[in-house]
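What Swiss-Prot says about this protein:
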- Thr65, Pro66, Ala67, Gly68, Glu69, Gly70, Lys71, Ser72: ATP binding site (BINDING)
Amino acid sequence: MKTDIEIAQAADIQPITKIAEKIGLSFDDIELYGKYKAKIPLEVLDKFDQQSEGKLVLVTSINPTPAGEGKSTVTVGLADAFARQGKNVMVALREPSLGPVMGIKGGAAGGGFAQVLPMEDINLHFTGDIHAITTANNAISAFLDNSLHQGNPLNIDPRRIIWKRVVDLNDRALRHVTVGLGGPLNGVPREDGFDITVVSEIMAVLCLATSISDLKERLGKIVLAQSYDRKPVTLGDLGVQGAIAMLLKDALKPNLVQTIEGTPALIHGGPFANIAHGCNSVLATKTALKLSDIVITEAGFGADLGGEKFLDIKTRQLGKQPDAVVIVATLRALKMHGGLDKKELTKENVEAVKKGFANLERHIKNMQSYGLPVIVAINEFASDTKSEISALKDLTEALGVPVSLTQVFAKGGEGGLDLAEKLSGMLQEKSDFSYLYDLKEPLSAKIDKVVTEIYGGSKVNYSPKAKRQMREIEENGWNDLPVCMAKTQYSFSDQPNLLAAPEGFEVTVRELLPKIGAGFIVALLGDVMTMPGLPKNPASLKMDVTDDGKISGLF
């Protein structure tokens, strides 16, 4: 079979104006970024404000292997399957971060015959949104350091600055740096550090904002540091939220592209799900809901991370809950949860599938606990055997949950027709949605509920630093915000090697970070890194460009 990039380059890509026409947008309604990409201006969205919203399908997954389980692939393939059935459908995805693309993933725009196009552009610089976020974030750092240099009128304590610089790369050498060296003319020396751009609160703000005015209001609330008298210092105190919003003006507009089969796709925003909230922008999802009858969207990593945050954070801003949830499962991941070594995952082992099923079962029950209908999509790999597939189907159906074998990687939309057919019936059902926690509950109670009811843990411990931060959050009146858990994606716990469905474990909250602009509190569990490093053999070693500009090696 051809590689992803070979399939993408051979695809018959349509002018983006043709794709826009499918969803009722004229040439004047879009801003072209070349022939195959466009942005949708916010004023165009206002035209559809009174239009009824379509059905919303959330695609999530079990706890993944390092290679991922194909959520984006299934999301794209499912949308194409609905389109083949004559449905008015759109897909809404996150934009890939360049760091993981160059590092381990080698591309994140779907796979096989279920991809979004133009694949190379989407995986690289796309329409420049992430670069705009990088610039906005680092402009804040520049204004902050300038305030220190110019007499420190805000009385900022340089030892208590929590705002970091960012770059959209995996670069471990930048995790801890010192700035302001070289004498009085070069600023105030202090410790600093870099995060990867998609971890920036600016990314979360962009993804949760609903208008330019909302964007400015959220930016003004971002907490940058503490003063010497331990009061929060915000971007609003610096007085540059208007300038930062100006830098993000175009990045706020959703990006329109297409799938291999010509289904309209909105790709906008890309926060990580193990650190941030892991969902594409509210504006893109709202736009898709107004312009189509069915919207397929995904949330990063497993249902314990992106799935939980989609339901407890994003839906509160979106004003709509999913009408159904698809949980993507792979036999290789289930065998990993069943105790097999990574080298053994391509070999048949039905017993390991049965043992690892505990992971999928917990994710199913978690999503059902929100009152949502659930279907399992088995994302087929070439190494899967009939016996393993049969065992997984039997186990899933024994729970009373529908299941579908999807072959969208190899067959595109055709390989998702069964999933689309089963979902069509489910979308007619009424869900009885309820949130995991009430926003008025204490922050500690919200964290307890996520850990005990979603993860299966027994106790939450807090570091001395986290206890102090909890008191500060209460004193500042931030207690009624949702919690955004930051932990490993590989396990329900905060320990990446504790696989399947562990119970009775304890987790430790080491830090609580106020993301007031985004509108949530981040609870850092375990050893989550906000700036990834590159592997020994990064995916970029296989990437190249020919003399005539043709790219290779983006998986």
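The backbone N, Cα and C atoms fix where each Cβ goes, glycine too.
The binding-site residues listed here are Pro66, Ala67, Gly68; among them, Gly68 has the most other Cβ atoms within 10 Å of its own Cβ. Sitting within 8 Å of the Cβ centre of Thr65, Pro66, Ala67, Gly68, Glu69, Gly70, Lys71, Ser72, and not among those site residues for ATP, are the Cβ atoms of Ser61, Pro64, Thr330, Ala333. Figure note: comparing Cβ neighbours within 10 Å for the binding-site residues Thr65, Glu69, Gly70, Lys71, Ser72, the maximum is reached by Gly70.
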